[in-house]
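Straight from Swiss-Prot, the features:
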type	residues	note
DISULFID	Cys69-Cys80	disulfide bond
DISULFID	Cys91-Cys108	disulfide bond
MOD_RES	Pro209	proline amide
REGION	132-201	region '7 X 10 AA tandem repeats'
REGION	151-179	region 'Disordered'
REGION	191-212	region 'Disordered'
REPEAT	132-141	repeat '1'
REPEAT	142-151	repeat '2'
REPEAT	152-161	repeat '3'
REPEAT	162-171	repeat '4'
REPEAT	172-181	repeat '5'
REPEAT	182-191	repeat '6'
REPEAT	192-201	repeat '7'
SIGNAL	1-13	signal peptide
Amino acid sequence: LLLLALVVPSASAQALSYREAVLRAVDRLNEQSSEANLYRLLELDQPPKADEDPGTPKPVSFTVKETVCPRPTRQPPELCDFKENGRVKQCVGTVTLDQIKDPLDITCNEGVRRFPWWWPFLRRPRLRRQAFPPPNVPGPRFPPPNFPGPRFPPPNFPGPRFPPPNFPGPRFPPPNFPGPPFPPPIFPGPWFPPPPPFRPPPFGPPRFPGRR
């Protein structure tokens, strides 16, 4: 019983917390990275349901962001400031809480897409669907629709009214055509018979009263 009591505390002392396991995974990513700067944990999703076995792989989803610390310095990422407009990566996979075992499977992709903690369990191989020939069943036949069209009354819009045109007429000069050269007309006058010769009446010598 004493030996069992000594083994149990030693096993519990080797167990890490969920956040410590993720930080260890971030350190491993920085060691395997070929980029110039270190990455630091930016955000950690909610941990899954607690499991008593620390050696069981647990799904994890977190986000890392580029810092200002160069990778060759091997400075702890938690002491580095985030780089302005630095690259952000979304990481998913599984980790263990056992200090002896290393993180199992972590994949990081650049972007800001978020995944839930149970996302790795959905990455299962898709079953290949069996191909069946298309059915050769004739489709239903429907008669063409015979709906009467809408009836609209004829439009009764008054026609446009335009004022009478008031354009001045063209001005032409009076014609100045020379008349045809006709000779003056010669009409014969009326014919009258010549008057008879004048003959004075046969009067005697004049007589005056009172003289003899």
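Using the three backbone atoms N, Cα and C, a Cβ is placed for every residue, glycine included.
Here the structure is a predicted model, which means the values were calculated and not measured.
Annotated features, which come from Swiss-Prot, shown on the structure.
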residue: Cys69; record: disulfide bond; contacts (Cβ under 8 Å, 6+ apart): Asn37, Leu38, Gln75, Pro77, Leu79, Cys80
residue: Cys91; record: disulfide bond; contacts (Cβ under 8 Å, 6+ apart): Ala25, Leu29, Val60, Ser61, Phe62, Thr63, Val64, Ile106, Thr107, Cys108, Asn109
residue: Pro209; record: proline amide; contacts (Cβ under 8 Å, 6+ apart): none
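With helix defined as DSSP H, G or I and strand as E or B, the repeat '4' (162-171) counts 0 helix, 0 strand, 10 coil.
Around the Cβ of Cys108 (disulfide bond), a 10 Å sphere holds 18 further Cβ atoms from the protein chains shown. Taking the Cβ of Cys80 (disulfide bond) as centre and 10 Å as the limit, one finds 18 other Cβ atoms among all the protein chains shown. In the three-state DSSP reading, Cys108 (disulfide bond) counts as strand. Residues of the repeat '6' (182-191) grouped by DSSP class, helix first, strand second and coil last, total 0 helix, 0 strand, 10 coil.
Within the model, the repeat '4' (162-171) carries an average pLDDT of 84. Under DSSP, Cys80 (disulfide bond) is assigned to coil, being neither helix nor strand in the three-state scheme.
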